[in-house]
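Annotated in TrEMBL:
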type    : residues           : note
BINDING : H2                 : Ni(2+) binding site
BINDING : C74, C77, C90, C93 : Zn(2+) binding site
Amino acid sequence: MHELGVTFHIMDHLEKVAKENEVEKIRKVVLELGEVSTVIESYLQNCWTWAAKKRPLFEEAELIVETLPAITYCEECEKTYSTIEYGKICPHCGSEHTYLLQGSEFNIKEIEVE
C-alpha cells in the first residue's frame, strides 16, 4: 500500500510550506485525484486519518478528495470519451490511436489554514 507513503509526502510538503508561512494549523486539504491514478481514495483517507493524529499541524485537518474523470482523446476523429467506459478503443470511430488527456493527476488543489 503506497498510499501511506503518499500521505507522508503530502504532509511533509505541507509542513514545509506551513513553516515558511508561519501557519500553526491546517484545517482542510483538498486533493485532485485522477480516476485512473494509482492511488486508492479509501486507502488514502484511512492513511490520512491515522497520520494526522501523529502530527500536530494536521490533528484536526480534514482531507477532501475530488475525483477527476479519466478522459481519452482520439487522434483519428479528434473526439474525447470516457476512458473508464470505453478503454483504449475510440467508441466513435474504432481507432486505437488514442491517448489519456486527464485522469492520472494527483494534485494538492487547496489548503485551509489557521
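Keep in mind that glycine also has a Cβ here, set from the backbone N, Cα and C atoms.
Recorded features from TrEMBL, shown on the structure.
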residue	record	CB count, 10 Å
H2	Ni(2+) binding site	13
C74	Zn(2+) binding site	22
C77	Zn(2+) binding site	16
C90	Zn(2+) binding site	21
C93	Zn(2+) binding site	13
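Taken residue by residue with DSSP, C74 (Zn(2+) binding site) is part of a strand.
Looking at C74 (Zn(2+) binding site) and the residue listed as 'Ni(2+) binding site', their Cα atoms lie 32 Å from each other. Rounded to a whole value, the Cα-Cα separation of C90 (Zn(2+) binding site) and H2 (Ni(2+) binding site) is 32 Å. Here H2 (Ni(2+) binding site) is positioned 37 angstrom away from C93 (Zn(2+) binding site), judged by their C-alpha atoms.
Summary of the Zn(2+) site environment: with the site residues C74, C77, C90, C93 set aside, the chain residues having Cβ atoms within 8 Å of the Cβ mean position are E75, E76, E78, K79, P91, H92, G94, S95, H97, T98. A separation of roughly 38 Å, to the nearest angstrom, links the Cα atoms of H2 (Ni(2+) binding site) and C77 (Zn(2+) binding site). According to DSSP, the residue listed as 'Ni(2+) binding site' is assigned to coil rather than to any helix or strand.
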